[in-house]
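Feature annotations, reproduced from TrEMBL:
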| type | residues | note |
| --- | --- | --- |
| DOMAIN | 26-300 | domain 'Sugar phosphate transporter' |
| TRANSMEM | 17-37 | transmembrane segment |
| TRANSMEM | 44-68 | transmembrane segment |
| TRANSMEM | 80-99 | transmembrane segment |
| TRANSMEM | 135-152 | transmembrane segment |
| TRANSMEM | 196-214 | transmembrane segment |
| TRANSMEM | 226-247 | transmembrane segment |
| TRANSMEM | 259-276 | transmembrane segment |
| TRANSMEM | 283-301 | transmembrane segment |
Amino acid sequence: MGAAPRGKPGNKVVPDAAAWVFNIVTSVGIIMVNKALMGTHGFAFVTTLPGIHFATTALVALVLKSLGYLEPSYLPLPELMKYVIFANISVVGMNASLMWNSVGFYQISKLSMVPVLCMLEVLFVNIRYSRDTKLSIIVVLLGVAICTVTDVSLNTKGLIAAAVAVCSTAFQQHYIHHLQNKYSLSAFNLLGHTAPAQAASLLLLGPFVDLWLTNNRFDTYRYNNVVTFFIALSCVIAIGTNLSQFICIGRFTAVSFQVLGHMKTILVLTLGFIFFGREGLNVHVAFGMILAIVGMIWYNHASSRPGGKECQDYREQVPVHQVDIELVDQPPLVKPDGKN
């Protein structure tokens, strides 16, 4: 075939890579800060803290909008409410799952998010995956499971929490991609709509949920300068984490975000071994990490190939003149009436 059209894959490599690096750096950063905040200083209010994060993000979006850096955009209230419900259930469900389940089962539940998202894309977007794409996803999940899943114990309450968490998070991430495409919203524009609603609801309900989960009250915690600094730092990094999540899901899909996002798990493990000692590092874990990385490389290659991951009705949705340009070297595929 001839040269690739201008503005196609070659020009997307740098911004795509930048989006992933932005997400990985901010995600790993907030994990490290929150680990210090919660583990070292006992700030266990894991539902209220995201409310503070979203309040900070909403404030930044409001300032940028007032300065003219964000264009006016529209998101219907029913769509906003559906998204906020999914997102808030996800926050509470993930925290409850972590509290009621063993770490091993919690990790398995997070891994199960990928097949759930694949099912959503098949059902609602009519996406079809090639055999290589499916196998590469399995390799990634297997590798991450090998290096992260240890003890696995199961109880009814924890199973229900995990199921709610996985389904709500999958719907939330799928909905991000849907809303950005349907209403032509940039990542920050969508955050500008959703962050205030999430902040208000989580700050209102968060203290009560945290009291239920931890038996500790947010307002009676003994704050000091160090804790206040970590909370502020967590809020600053959270702006980047929230924005990068919306950018990545908008540019790619929720499935790709989850699959390639497991690189963050591998990176966190690696940094932990480098800075906090090699306890727990063995051949078993190293093999899992290598397998996961190989799977991610395979997924990136397989899903980007023609037919690797595509909408079944794609050709019917493309205008006839675009089909003719794209398939200029394959005239037999285009019927005289302009349809495939």
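Even glycines carry a Cβ here, placed using N, Cα and C.
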Ranked first among 80-99, 259-276, 283-301 for CB pairs under 8 angstroms with the transmembrane segment (17-37): 259-276
Averaged pLDDT, computed only over the residues in the domain 'Sugar phosphate transporter' (26-300): 86
Tertiary contacts of the transmembrane segment (44-68), as residues 6+ beyond its ends and Cβ separation under 8 Å: 34, 37-38, 91-92, 95, 188, 191-192, 195-196, 198-199, 201-203, 205-207, 209-210, 213-214, 216, 218, 221, 231, 234-236, 238-239, 242-243
Tertiary contacts of the transmembrane segment (259-276), as residues 6+ beyond its ends and Cβ separation under 8 Å: 20, 23-24, 27-28, 31-32, 114, 136-137, 140-141, 144, 147-148, 248, 252, 285, 289, 292-293, 296, 299-300
